[in-house]
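What follows is a set of notes on a single structure, which appears directly below.
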Amino acid sequence: MWRMYRRSRTICLFLAFTTIFLHLLLALLSLSTYHQACDTPLSPRTHILRELAHTNYTSVEISGRAALPADTTQRGSSTNDANKDAKGHVQTGSASINMAGGVGCNGASRAESLECGLSKLEALFDHSLYTMPFTHIPEEDWLLKVKPKIKASEKSYEDMQWNSSSDSHPPWLRFHLGISRWQLYPHRDPNMDALAQQLATHPIVSAVQKSGGTQLKLVMSFPNYGQAMLKPMKQERDDETNYNLYYFSDFERHNAEIAAFHLDRILGYRRVPPVVGRLVDVVKEIKDVTTDRKLARTFFNSPVGNVCFYGQCSYYCSTEHAVCGRPRKLEASVAVMLPDLSLVTRRTWRSPWRRSYSRSKLANWEAEPNYCSTVKKTPPYNKGTRLLDFMDMVIMDFLMSNMDRHHYETFEKFGNNTFLLHLDNGRAFGRHSKDEPSILAPLEQCCRIRRSTWLRLNLLSLSQYYLSDVMRASLSRDPLHSVAPLLSEPHLTALDRRLKTVLETVSRCQQQRHQPHNPLM
């Protein structure tokens, strides 16, 4: 019994010492690991963004070869470079792209939320994806040629120094002189504030109805010879489009035009002419200054004393659809006009994914599964960056739920090697409770996207740059924000939801690319 007692005690002591030794060893290993990891570990998706952010900013798609982007001021390359086949691979460590977690600015008070969003907006515009190094733009890549300086002895009364940096020129002229082959205005354009101020406050000396189009639009003129396109408020911001109403029968919204400009700028495109909101006096700034007799005949006073008018157009120009002030003040979007067509011609292109505009007939892209393969063989989509430019427009239209993109325009001077103008966005932001997946059909069918666009979309899904937060902040700078937010919170939430859908669509394309015998690749 004594021997058994001593043996059991020895075993217990051995096990106790072994346990203490193992605990000390684990403690030492944990301590060394703690001192090793000083930085907060990045999520796998953040690693992907960091790696791609340090690569070159070439245009890419989800399968193909690389080419130059068409969305930066740094396009000093030759036409031959830009005409390379605009294809490329998106290489990532993961096939799926998910929305990053994090807290937005919605949980705070309204003032704190806007301050938070403005900080995010400034950080976004300071990001390397938006601030690429500036390079010289060749003279042939400017839309309007700069007039050479004239000797003092040769100057006449009519001579002026034509350059985009001259403070003597009005903001609208500086804007025109700043248009290049690749964008309407540069990032952080110092002229933008002055241009917005002119559109929102300068006296209106003339107002005439713009001919053509389906709904009422006015051309406003300023004392400095600038002109702007005015679209009046026709319905409340929170009014959703009726579910039974076809997209081509919807009203155009003044706040949609303003929001589209801000979204285009946030996406880094800079292809929508600058737009601001303005409270217009229907009598003093339209009725009393118009020289359009047809427009003047349509003014009347409503039963409650509001001044109304309806103009003449294809649809919704009648007393039943009149535009009315309250009693004279009218909200409107005011967009700077592009250079006159007599100086700079523009070419109109029919969208390959144009809708049928019929209540029963399907368009070709809706009936043919391999429709994109036909488009890719058709000029101008068979070379250059045109197809990638079109995908940029598709993504923007899906984010703001614009189904009415039947045509687009380009400046004829630059041929096929230039950006697409994103005009007429009045039918966007009609519904926030429903997304329209058919708008993304080109992206799904072609599986192509520009690298810079893909990187920015990923950036806008991160908590520090949430698309809804930066949009809310950007819109808060518009003059009409003092009346009411230009986009309601449901519309801002819809932007984040739709961005997630775009990223998931790209992920599916990446997965298809790695499948054997994939007919799309």
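Numbers here mean position along the shown chain, with the first residue as 1.
For all residues, glycine too, the Cβ spot is worked out from N, Cα and C.
Look at TrEMBL and you will find 1-37 tagged as signal peptide.
Marked as region 'Disordered' by TrEMBL: 69-89.
Per TrEMBL, the feature compositional bias 'Polar residues' maps to 71-81.
Feature annotation from TrEMBL assigns ATP binding site to Q215, K231, E252, A335, V336, M337, L338, E409, D424.
The Cβ neighbour count for E252 (ATP binding site), using a 10 Å radius and every protein chain shown, is 24. Residues annotated as Mn(2+) binding site in TrEMBL: E252, D424.
TrEMBL lists D404 with the feature active site. Counting every protein chain shown, the number of other Cβ atoms lying within 10 Å of the Cβ of D404 (active site) is 19.
The full span of the recorded ATP binding residues, Q215, K231, E252, A335, V336, M337, L338, E409, D424, taken as their largest Cα to Cα distance, is 20 Å.
Recorded residues D404 (active site) and D424 (ATP binding site) have their alpha carbons 9 Å apart, per Cα-Cα distance.
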